[in-house]
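A.B. asks: Taken from TrEMBL, the feature transmembrane segment applies to 12-36, 56-78, 85-108. The disulfide bond feature in TrEMBL is assigned to C154-C178.
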Amino acid sequence: MGAACIKVTKYFLFLFNLLFFILGAVILGFGVWIIADKSSFVSVLQTSSSSLQVGAYVFIGVGAITMLMGLLGCIGAVNEVRCLLGLYFVFLLLILIAQVTVGVLFYFNAGKLKQEVGSMVMDIIQNYKTNASSSREERLQEAWDYVQAQVKCCGWASFYNWTDNLELRNSTENIYPCSCEKTGEEDNQYIVKKGFCKVSNSSSDAIFHEEWPVYPELLGLFLSICLCRHIHSEDYSKVPKY
C-alpha cells in the first residue's frame, strides 16, 4: 500500500512539473516575442514606455527559471534523486519570493505605469489625423481605433479628450472620430472605421457620449496584447494567396 502510494505521488509530481515546464516555455516565448517583434503595436509601446521592455526581461527570467524548475522536478520525481528534489524545492521557494516581490513592485509602480500609458494615448488622440504622415503613426491610429470600437469607448477618460485633437479643432465641419460610433450586433465587429466622420441626424445619437469608467491598467493590457494581435492578423490578411 505504501509503495503504491509513493508511486502515485511520484507520477503526480511528474505531471505537475511537466505543466510547470510548459508554462515556463510559454512565458519565456512571450518575453522573447516582445523583445524581438518589430512589426506590431508592441514595438511602438517599447519606444514610448521603458516599463514594457523591463517587463519583457522579467518574463524571460521567470520563464527560464520556471522551465528549469519543471525539468528538475520531472527528473527528480521519476528517478527519485534527492538532490534534484532539493533543488526543486529551492527554486519553488525562489519563485514564491519573486511573485511576492513583483506584486509589491507593481503595486508601488502602478501609478507610473498608468501615467506612461495615459500620456502615450493622449498623444495619439491629440495628433490623430485622417492622413497619417508615417507608417508608425498609421499603426498607432489603427490600434487606437480598434480599442475604441472593441471596448466601446471614446477617448481615454471621456469623449472630451478628443476636443484637444488638432484636426478636429481646426475643422470647419462638425466631425467626430468614426471609431467612436456605436455599432449594433448585426455589424461586422472586425471592420473598424477609421478617420473622421461628419455628424448627421442619424449618427448624432450613435456616438459614445457617456462617460466611460476607465480602468487604465486593463486598457493598457488591451493595448499591449489585444491590439498587436489584431494588427498581426491584419498584416497576415495582406499576404497574397496562391
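Positions of Cβ are set from backbone N, Cα and C atoms, glycine also.
Unlike curated records, TrEMBL annotations are generated automatically.
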A.B. asks: Can you work out which residues elsewhere in the same chain, 6+ from the ends of the transmembrane segment (85-108), have a Cβ less than 8 Å from its Cβ atoms?
C.D. replies: 17, 58, 62, 65-66, 68-69, 72-73, 76-77
A.B. asks: What same-chain residues lie close to the transmembrane segment (56-78): Cβ under 8 Å, and 6 or more beyond its ends?
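C.D. replies: For the transmembrane segment (56-78), the list is 10-11, 13-14, 16-32, 34-35, 84-85, 87-88, 91-92, 94-95, 98, 102.
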A.B. asks: In DSSP terms, helix, strand or coil for C178 (disulfide bond)?
C.D. replies: helix
A.B. asks: Taking only same-chain residues 6+ apart in sequence, whose CB is under 8 Å from that of C178 (disulfide bond), what do you get?
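C.D. replies: D145, K193, K194, G195, F196, C197 - these are the non-local Cβ neighbours of C178 (disulfide bond), listed in sequence order.
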A.B. asks: For a quick check of packing: other C-beta atoms within 10 Å of the C-beta of C154 (disulfide bond), how many?
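C.D. replies: The Cβ of C154 (disulfide bond) has 24 Cβ neighbours within 10 Å.
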